[in-house]
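Below is one structure; the comments refer to it alone.
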Amino acid sequence: MEIFVRNKPYTGPVKAVVLDWAGTTVDFGCMAPVTAFIEAFALRGVEISASEVRGPMGLMKMDHVRALCGLPSVSERWRELFGRIPNEDDVRLVYGDTVPLMVLSVADHAELIPGLLPAIGYFRGNGIKIGTSTGYTTPMMEVLLPRAEKRGYRPDSVVCSSDVPRGRPFPFMCYRNAIDLEVYPLEAVVKIGDTVSDIREGLNAGMWTIGVSKSGSDLGLTEAELDALPADDLRNRLALVESRFLEAGAHFVVEHIGRCPEIIEEINDLLSQGEVP
C-alpha cells in the first residue's frame, strides 16, 4: 500500500467507491423496502402510503420504522385505532414484523440495475475498490448478496447498518468500508447512492458524493412505469430529485450508476488540482 502523509493535499486518484444497494445497484425504483414496510404496518391495521415510506428511505430499518411512526399522518391513524400515538414498544413490534417481510421482499427484488456491470468493469479496470453500505441488516443481505453475485455483482466489502453503532446519516458504515478496503484518505473515496441519507452519510464521512436520481427511491418508479411516463413529466420529476440531492450537498447527480465512471474522471481532475470534497 502506498503511504500518504497529510502534510500536503491528496491529488488523486480515486481509490474506492462505496455503493448503496436498493435503488442504486439493484432493485430499480427501490421497491423491496416499500412493499415490506407497507405490509408490516398493515399487520397492525395501519395503512401507510408508498410516499410516506419513501421519505426516510436509506435509514437503518429500525430508525426507518421509528421515523414512520413519528409522521403526524401515521401517528394519527395509529391513535384512531389504539387510542394513543405509537411508542418505542410499538416501534419494536412493527420492526419485528418488518424483518421477515423484508427478507422475502429483498429476494424478489434482486435484479441488477442497468449500467451497473459496465460501471463495475470500469472500477475494476482502474484499480478502484468497491465497498457497499446499506440500511439492510445482515440477515437481509445474506439473502440479497448471493442473488446479486449470480448476476455478476460481488463487491469487495459489504457493511450493513447492523454492523455499526449507528446507521445513516452517521458515517460509520463508510468508515468501516474504508478500513475493510484499506483505503485512505477519505477524499479518495466516492459515496454513491439514491437517497438524501446516502448523501449525508458520504458528506459526514468526508467523501465525494454522487446522487442517483432515475433508478432510485426519490423518483420511486419501476422501469415499466418509467417507460410509460410522458417525457416532459419525467424531466420535471428528475429535476426535482436532482434539486433535492444538490440541496442536501451532493457534489454530483447522475440518472443511473452507469454514468458514474465519467464523474469519477471528473473527480480525478478535481483532486489533481488540490480540490477536496
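Placement of Cβ uses the backbone N, Cα and C atoms for every residue, glycine included.
The structure displayed is predicted, hence computed values, not measured ones.
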Residue from D163, D180, D194 that Swiss-Prot also lists as binding Mg(2+) with D20, A22: D194
In the chain carrying D20 (active site, nucleophile), residues 6 or more apart in sequence that have Cβ under 8 angstroms from it: G58, T132, S133, T134, I192, G193, D194, T195, D198, V212
A22 (Mg(2+) binding site) and K61 (active site, schiff-base intermediate with substrate), Cα-Cα, nearest whole angstrom: 13
Per DSSP, three-state class assigned to K61 (active site, schiff-base intermediate with substrate): helix
The one of A22, K61, D194 whose CB sees the fewest other CB atoms within 10 Å, among these recorded positions: K61
Secondary-structure category, per DSSP, in which D194 (Mg(2+) binding site) falls: coil
